[in-house]
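**Student:** Structure below; questions to follow.
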């Protein structure tokens, strides 16, 4: 038994923020951003929270799958920017879509979150524990972004993507996940710091901090490595893959990965130009676009691959 | 070493190998930006089995700089 994707959905905020808009608040310009990242614009939440975007994406995925929320047994949501410490965003989505028969919980794996959520849900489905699951990647990084840091604030956007998966005969073929906590300091965002009446400290919170060079090198090395691993371990050749759906962090990373895999750039779809890096949401948003544009046919083999804070990385090979 | 370096640089930066000499500057002559240099460094690390820490990058401005740096790391010519 494996897990088949039976529906996808996504949601991005309406407010478009262009590079020109950013140039008005920090010392940057369109040419610099475009040549180093491939990003032309991103969506920024005005009053949409993480759970709102996640619930919208989930409703669309359920509609695409043609099933009722009551059929869901499991909701796993990946986020680094939940609206509350608790309840979890997954529980908020459960309430919003009325998935009363599901168990819901969040996982934290930053930009690899969707691959981790899919792999985790797949383990439950493959074991026969549950039959139908909703997996979501949702992030509102704009509230974790230091809008005075021109090195990072130009990179991120807000959004959510979701997929409904169901136990079936075809679907996920193989998956690999990895993490390296020892290198975690190159990409961080501090949560509320310790502080209480006894130590006399006031809790503070931090913003996204990134050693861009180290993250770039990590991604360009690790992504091809885990894609090769997921293919080799399942006896699948590179040429059998229709699309490599990569985490949208930077156009140049996608380009470098394609080059290292010796694959044409046409097999690496991108939407970073329009949405920037939406962390755990990039892969399911891109997957939803491919699905809705009719670019995926049953039987197509694709690889989803993510990488990010943790450090974490993951790749999932699946038959559509 | 120069011939091999020319080959790697030409491939990574999509430039003509014949235009590269020891005094060629990555930034000024080949139009490379920081991300191009990261990729070049990674290709060199693979080729010569060395580690090039990020902080050393600022001193590697020309092809000759890189050759001297690699020699300093014990890479045979």
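Sequential numbering from 1, following the chain as shown.
Glycine too: its Cβ is placed from the backbone N, Cα and C atoms.
Grabbed the feature section from TrEMBL, which reads as follows:
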DOMAIN    A:105-181  domain 'Beta-ketoacyl-[acyl-carrier-protein] synthase III N-terminal'
ACT_SITE  A:111  active site
DOMAIN    A:231-320  domain 'Beta-ketoacyl-[acyl-carrier-protein] synthase III C-terminal'
ACT_SITE  A:247  active site
REGION    A:248-252  region 'ACP-binding'
ACT_SITE  A:277  active site
**Student:** Grab the same-chain neighbours of the region 'ACP-binding' (A:248-252) for me: Cβ-Cβ under 8 Å, and only residues 6 or more beyond its ends, written as numbers and ranges.
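**Tutor:** Hits for the region 'ACP-binding' (A:248-252): 36-39, 111, 155, 215-216, 219, 270-273, 275-278, 282-283, 286, 307-308.
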**Student:** When a 10 Å sphere is centred on the Cβ of residue A:277 (active site), how many other Cβ atoms does it contain?
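**Tutor:** Residue A:277 (active site) is surrounded by 24 other Cβ atoms within 10 Å.
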**Student:** Cα of residue A:111 (active site) to Cα of residue A:247 (active site): how many Å, rounded?
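**Tutor:** The separation of the Cα atoms works out to 7 Å.
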**Student:** Just counting, how many other CB atoms are there within 10 A of the CB of residue A:111 (active site)?
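**Tutor:** So the number of other Cβ atoms within 10 Å of residue A:111 (active site) is 33.
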**Student:** Cα distance, residue A:277 (active site) to residue A:247 (active site), nearest Å?
**Tutor:** 8
**Student:** Where does residue A:277 (active site) sit in DSSP terms: helix, strand, or coil?
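**Tutor:** Strand, per DSSP.
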**Student:** What mean pLDDT does the predicted model reach across the domain 'Beta-ketoacyl-[acyl-carrier-protein] synthase III C-terminal' (A:231-320)?
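**Tutor:** Mean pLDDT across the domain 'Beta-ketoacyl-[acyl-carrier-protein] synthase III C-terminal' (A:231-320) comes out at 97.
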